[in-house]
Amino acid sequence: MESIKSKNSGELGCTPSKVQTREAVGLAESSSEEGVLELGNKEELVNEPAIDPNVDGGYAWVICFACFLFNFSTWGMNSGFAIYFANYLNNDTFKGADKMDYSYIGGIAFGVGLFFSPVITIIQGKIGARGCLIIGNCLEFTALMLASFSKHLWQLYLTQGLIQSFGLAFMSVPATSLLPQYFKKRRVLAGSLATAGSGVGGIVFNLGMQKVVEARSVFWALRVQSIIGFVMAWVAIALTRDKQKVKIQFTMFDIGVLKSAAFYLLSFFVVTCMFGYVIVLYTLAQFATSLGYTEQQGSIVSAMVQVGSCFGRPIVGFLCDKHGPVTVTTFCYYIVGIFCLAMWIPARNLATIIVFAIVQGSMMGAIYGMMAQLIARLFGLKKMNVVLSNVWCLLGVAGVFSPVIGVKLKRGGGGFVDPTQYVNCSIFTGCSFIACATTLLIIRGYIKARDQILHESEDHKDSDYGDYTGVSVPIRKVFTHIFSNDLQKV
């Protein structure tokens, strides 16, 4: 039997074991020519919560708005680093610092805190989502306020880099786990609307802070940004309600998940996606200045990524709910990958860069809106937090090194005109997006093949509350189901 090898098992999904469904108890083995499936016994039953009026409606939309504000105050603020990066680099703000120093600071701010997501998940299980959100908000405010008084490079590493990174992680990890509790049928649409907050924040903090930089200084921009984010996050915290009806695992690791080859496919998708995403987010402003445009024009380009995010993510989310999140997101990442190769490389004027930025912004952040739905389909809601924390950990590692890779691939330093500085960077980014799209195609084939095995074995009704880590899916079934349209949409 041919099969995709996982780390500790012989087939895609992991070694056959117990899979609990809400209706299947003590079922016998069901086998075919291509795979063997064992369904669970009486040791554990997974019971779905009763019908809740606040699922897909009611207070669910208030939670969606709260998550919108969280994204505004975390990823939106983080995307504003492109302005500080360009200003630090082009004006030699900190003596002795070079482009690698600033790229490491940007990478640390994005990813180091997320690397400790499993630990944050444990803390969330002890003090609750709201406690983590309060800690994160205070850390972010402290980080940016202290950064505004920094005189030496090591102080910037500590404040705008490390402390801000943990603030972002303490807010984004629990905030991400809120929406899946309140949405099912409209989960991707709600996630996309919520993540559009990062786009709105990006517009505010790119264009607004650039104006503050020009009127006062880069340090005053940091102070203003810290106050805006602090206030918006407190509004979101006041609106937050963590549902207790859904029992969520608060553990660092799950052996069933780690044995599943689907987890490693998901991990590769996340890492390659982040390589492309962070490089585009952090470098387009500098790319504009490398063509001879001003910092103000560079900030406009950076803001256009966020404009695309504001309008594109809800549209992508709507299409995901209608046609399937994996299907639509795969299509999106093939498009942004091709545009990196076909449009970014030959771009030589501001209009082309702006169009490119809008297209990229509208689709390259699709991962944030569909991730919860994808994890629910792969592993079930009970394992949502443990899988998300592990995925955030990998996302953090990729986020740390993405700006560094982008700078290393860039030719020369800052402050001079050379249209070819970012050719290698754009090639790497395009290939990363195409790789992540191809991985999503394989994941689509895995889910379709697994659903067919379950359907043939039992009159199985899809449930996010089941545990699918025990289903074995042969490799031939995966690739023959990549373009399948039968059963439930994926």
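For all residues, glycine too, the Cβ spot is worked out from N, Cα and C.
Feature annotation from TrEMBL assigns transmembrane segment to 59-84 (among others).
Tertiary proximity for the transmembrane segment (104-124) is limited to same-chain residues at least six positions away from its ends with a CB under 8 Å from its CB atoms, namely 78, 81, 85, 131-132, 156-157, 160-162, 164-170, 172-174, 177, 250-253, 278, 282, 385-386, 388-393, 395-404. The transmembrane segment annotation in TrEMBL covers 104-124 (among others).
Tertiary proximity for the transmembrane segment (156-176) is limited to same-chain residues at least six positions away from its ends with a CB under 8 Å from its CB atoms, namely 66-67, 70-71, 73-75, 78, 81, 84, 94, 101, 104-105, 108-114, 116-117, 120-121, 124, 129, 132-133, 135-144, 146-147, 150, 222, 233, 236, 371-372, 388-389, 392, 396. Feature annotation from TrEMBL assigns transmembrane segment to 156-176 (among others).
Summarising the annotation, TrEMBL assigns transmembrane segment to 188-208 (among others).
The transmembrane segment feature in TrEMBL is assigned to 220-240 (among others).
Marked as transmembrane segment by TrEMBL: 261-285 (among others).
Residues or ranges marked as transmembrane segment by TrEMBL: 297-316 (among others). Distant neighbours of the transmembrane segment (297-316): 76, 79, 82-83, 86, 189, 192-193, 195-196, 198-203, 206-207, 210, 280-281, 284-289, 328-329, 332, 350, 353-354, 357-363, 365-366, 368-369; these residues of the same chain sit at least 6 beyond its ends, with a Cβ under 8 Å from one of its Cβ atoms.
According to TrEMBL, the transmembrane segment annotation covers 328-347 (among others). Remote same-chain partners of the transmembrane segment (328-347), defined as residues 6 or more beyond its termini with a Cβ less than 8 Å from a stretch Cβ, comprise 273, 276, 280, 287, 291, 316, 319-320, 353, 355-356, 359-360, 363-364, 366-367, 370, 422-423, 426-427, 429-434, 436-437, 440-441, 444.
The transmembrane segment feature in TrEMBL is assigned to 353-375 (among others).
Below 8 angstroms of C-beta separation, residues 99-100, 103-104, 106-108, 110-118, 120-121, 169, 172-173, 176-177, 252-254, 257, 263, 266-267, 270-271, 274-275, 277-279, 282-283, 371-372, 375, 378-379, 425, 428-429 of the same chain, each at least six residues beyond the ends of the transmembrane segment (387-407), sit close to that stretch. Summarising the annotation, TrEMBL assigns transmembrane segment to 387-407 (among others).
Sequence-distant contacts of the transmembrane segment (427-447) (same chain, at least 6 residues past either end, Cβ-Cβ under 8 Å): 12-13, 262, 265-266, 268-270, 272-273, 275-276, 279-280, 326-327, 329-334, 336-341, 344-345, 364, 374, 377-378, 405-406, 409, 473, 477-482, 484, 490. According to TrEMBL, the feature transmembrane segment maps to 427-447 (among others).
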The transmembrane segment (261-285) in contact with the transmembrane segment (353-375), cutoff 8 A, at least 3 CB pairs, sep 6+: yes
